[in-house]
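K.L.:
Let me give you the structure first, and then I'll get to my questions.
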Amino acid sequence: MKPVIALVGRPNVGKSTLFNRLTRSRDALVADLPGLTRDRHYGEGRVGERPYLVVDTGGFEPVAKDGILHEMARQTRQAVEEADVVVFIVDGRNGLAPQDKSIADYLRKTGRPIFLVVNKAEGMKYTAVATDFYELGLGDPRAISAAHGDGVTDMINEALEVAYAGQPEEADDNDPSRGIKIAIVGRPNVGKSTLVNALIGEDRVIAFDMPGTTRDSIYVDFERNGKKYTLIDTAGLRRRGKVFEAIEKFSVVKTLQSISDANVVILLLDAQQDISDQDAHIAGFVVEQGRALVIGVNKWDGLDDHARDRAKADLTRKLKFLDFAKSHYISAAKKTGIGALMRSVDDAYAAAMAKLPTPKLTRALIEAVEFQQPRRRGPVRPKLRYAHQGGQNPPLIVIHGNALDAVTETYKRYLENRFRETFSLTGTPLRIEFRSSNNPYADKG
């Protein structure tokens, strides 16, 4: 699984600035999705071919006893426990603060690799910036400027060397012999453990720990209707005898790792509860990761017709950026609707792995343009000439032509819908990339 880097520090030391710098390339993928809440504190970064998850823990007050500061401290401690590397950020402008010492005392006891980072160091000599912070006993401070990017690349490369050293080798994500890897995600008490047990049945369970990290993940292999699947543990499912029960602890880190590791994600919602920001955050990360998705609305049997209509309207309004995914209204406890849910899992995986021939893609593109041309931007109208597939899981369609920077987001969504309809790409995010032609004769004739 992707390693996790937790950003820790007292308020206003620049954690969010560093987070935004580390994750900006990923944020761009979901920036224009309507209905998506943007105030996330977790995301993906990438250096070369090495992806990683990064968690901004919020301002850390380790001695807070109650209220919102206590809750923030609890969440921070959990993130630190589950991180591969902790980046402890201090403020080079304001110098060493008593809170820094308290946080350092706590971090030393965790046993986690700690990178002490002095932020806001632009324009200052290293000795002037670093001297005070040696007192924390966390080794040599690394001076950076999150706002300007100075020192950030070197720091994150060092952190990733440590983080990846503890990661086990992973098998090919798309190896068909392993079966479809499914992550069932959702906030606490939506019925994840009930759905797991409904899917696997008590007599077909093979559970084993994958060693190699301090957070061993449980993978459960099972067959259903002759097809192989692997369930990935998400947020505290643990085997108790022959069934799985949910430990009452929601882990953002485990959820993000499971989404990243999966072929298909089942986002489980509680029909009897309004959709929350947390649901939207999880859904946004699924889209950002490009994972195939099926929505399960659980506890449907407990609603009357009026409540069902209200729940459907809530889903449409708050998660409209998931309109590519099928929704199923189920009861995990009564095992109703699960067959259709799993058929959509199969369909979503098939769509994510679909091979799209260049001639058919180009024909679909030409037909879409003939039906509705892109708008002009000033005197220029984009010319879309041909398309080919640039990747799978999720499908990437690369469109070639001229003046493609003038293509609007509205027209891009129009093309996406046309491709989805033509190739039955339900259940998977779809990426479209425009590449302007370098052919000097492209506009001739």
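Just so it is clear, glycine is given a Cβ too, placed from its N, Cα and C backbone atoms.
The structure displayed is predicted, hence computed values, not measured ones.
Below are the features listed in Swiss-Prot for this protein:
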BINDING   9-16, 56-60, 119-122  GTP 1 binding site
BINDING   186-193, 233-237, 298-301  GTP 2 binding site
DOMAIN    3-167  domain 'EngA-type G 1'
DOMAIN    180-353  domain 'EngA-type G 2'
DOMAIN    354-438  domain 'KH-like'
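Would you situate these features in the structure and describe their surroundings?
P.N.:
In the three-state DSSP assignment, the secondary structure recorded for N12 (GTP 1 binding site) is coil.
Secondary structure from DSSP puts W300 (GTP 2 binding site) in a helix. Around W300 (GTP 2 binding site), the C-beta neighbours below 8 angstroms that are at least 6 residues distant in the chain are A271, R308, Y329, I330, S331, T336, G337.
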K.L.:
Could you tell me how many residues in the domain 'KH-like' (354-438) are helical, how many are strand and how many are coil under DSSP?
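P.N.:
For that range the per-state counts are 32 helix, 24 strand, 29 coil.
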K.L.:
Nearest to A121 (GTP 1 binding site) by Cα, among G186, N189, K192 (binding-site residues)?
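P.N.:
Spatially nearest to A121 (GTP 1 binding site) by Cα position is G186.
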K.L.:
Fewest other Cβ atoms within 10 Å: which of the binding-site residues N12, T57, N189 wins that one? Let me know.
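P.N.:
It is N12 that, of the binding-site residues N12, T57, N189, has the fewest other Cβ atoms within 10 Å.
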K.L.:
Fill in the CA-CA distance, G186 (GTP 2 binding site) to G9 (GTP 1 binding site), as an integer in Å.
P.N.:
28
K.L.:
Out of G9, N12, K15, T57, point to the one nearest K192 (GTP 2 binding site) in space (Cα versus Cα); all of them are binding-site residues in the record.
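P.N.:
Ranked by Cα distance from K192 (GTP 2 binding site), first place goes to T57.
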